[in-house]
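Record features, source Swiss-Prot:
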COMPBIAS  1-13  compositional bias 'Low complexity'
REGION    1-68  region 'Disordered'
COMPBIAS  37-47  compositional bias 'Basic and acidic residues'
COILED    107-159  coiled coil
COMPBIAS  127-152  compositional bias 'Basic and acidic residues'
REGION    127-188  region 'Disordered'
COMPBIAS  178-188  compositional bias 'Basic residues'
Amino acid sequence: MAPTTKGAKGKTSAKGESKNNKVLGSKVSKKNVKRPPPKEVKSKARTEQSQLKKTKKREYSEAELDLPKLNMITPVGVVNPKGKKKGKTFCDDPEAMMTIFAMVNAEKEGQIESKIMKARQLEEIREAKRKEAEARQSEKKNKLENAKESIRQSRKHKGGASSAKSNKAETESPKPKSGGKKKSVAFA
């Protein structure tokens, strides 16, 4: 409801309000509103001088950037001039470069020497194992030869003393004197 005035005290007039409502709620048609004509914006050709000029970007110094120094090969005392082409020479002092080179070479030679030492040790171990195996084989052969000789000697002693008694004893009692298993040796 609309606020009431002092003179009207509770009475409202329908005519006055309807006029006010008409003015407030009236629509403005968009067809009748005049707009200014659109302005044409011409783009400049890329070959124009103003387009060809490159804006110079600001170059920051290393101190301003405050970047951490990572992946650097250069020694502590050497500072590479900025903008210099990267190459194999990184040091003005050849003595410092040679000392670094010598240190790296010594490290690599140490690794190679350790590999050679390991190879020698392994070869010595293999040689010792080979000698042990040969010694075992020769020991077995000697043992076998001794057994052969003892058997031959026992046969000679039995045959030379009394051949008749031994033949008779072998036919009568084929069992060996010891109660255990009979040992048999076959030679190829």
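The backbone N, Cα and C atoms fix where each Cβ goes, glycine too.
Residues of the same chain lying 6 or more positions beyond the ends of the compositional bias 'Basic and acidic residues' (127-152) and with a Cβ under 8 Å from any Cβ of it are 185, 187.
Residues of the compositional bias 'Basic and acidic residues' (37-47) grouped by DSSP class, helix first, strand second and coil last, total 0 helix, 0 strand, 11 coil.
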